[in-house]
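S.K.: Handing you a structure now.
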Amino acid sequence: MFNQIFTAGWEINLLLFVAVFKLAKYSVYRIIYPAIVGVPDYYSYEAFRHWYRRASIWSSVVFAPLFEEFLFTYLAYATFLRYAREGQEWVVMIAVAAGFALLHFRGDWNGMKGRLDWYGSLLLGKFQLDRFFYSLAAFLIYERTDALWITITIHYFFNYVLTSCIFERQDHPETSDRKDGRLLLLGFLELTFAIYATVYFYAHFPQVWGYLLVGTLALLAHFLWITYRLIGRHQE
């Protein structure tokens, strides 16, 4: 099956990519990151709270955009598309984007405390959808501009806004995060990424673009829902 998608030599490059990924992840999150944020103080709530926020900023806002954009937007797409057979590029793009989304699945699952009610399940799926489309859009932006700093900046902005929303939710738990206007901004960005990727697939890979359209419509439904919730708050 893989020989129908890739030309000879892709196996070695897959092993090299995994090795680079593991080495980069270990270096950043096992050596550099702990050296910067230090060890949490569990005996003081304020000290732990301060450590947690500093750790979140370094992990999500500083390191994640650099780490993920280099490994996925730059390295993964370039590595595997080089070996894709003509007409099979869409398989590689979808596989890399799915890998990027699944990389975040564990964190999303833990953040939701493993809830499997209908809303939690839909939200978990939505998280993976928006990351899937972001990865595709980031690669397309990089391919068009040849400037990785642009996608790093977009990623940085997205993670910064999301992290600030999380901090706000922790400080004011009585406020519904589904009525936070910043989430409306993030939803708009997610929808923009999805539309961009879907239009590209419509133009270049019409045989599969319908699947992306379904995902885009799902994100559109979520965007309209949070818009309705936000408007409802101002009408109360």
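Cβ coordinates are placed from backbone N, Cα and C, and glycine is handled just like the others.
Automatic, uncurated: that is what TrEMBL annotation is.
Annotations per TrEMBL:
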TRANSMEM  6-24  transmembrane segment
DOMAIN    56-161  domain 'CAAX prenyl protease 2/Lysostaphin resistance protein A-like'
TRANSMEM  57-78  transmembrane segment
TRANSMEM  90-107  transmembrane segment
TRANSMEM  148-167  transmembrane segment
TRANSMEM  183-203  transmembrane segment
TRANSMEM  209-231  transmembrane segment
S.K.: Looking at the stretches 6-24, 57-78, 90-107, 148-167, 209-231, which one shares the most CB pairs under 8 Å with the transmembrane segment (183-203)?
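M.R.: It is 209-231, which has the most Cβ pairs under 8 Å.
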S.K.: Can you tell me which parts of the same chain pack against the transmembrane segment (57-78), counting only residues 6+ beyond its ends and a CB-CB cutoff under 8 A?
M.R.: 17, 20-21, 24-25, 28-29, 32-33, 36-37, 92-93, 96, 99-100, 103, 135, 138-139, 142-143, 148, 151-153, 155-156, 159-160, 162-163
S.K.: Looking only at the domain 'CAAX prenyl protease 2/Lysostaphin resistance protein A-like' (56-161), how are its residues distributed among DSSP helix, strand and coil?
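M.R.: Result for the domain 'CAAX prenyl protease 2/Lysostaphin resistance protein A-like' (56-161), in helix, strand, coil order: 90 helix, 1 strand, 15 coil.
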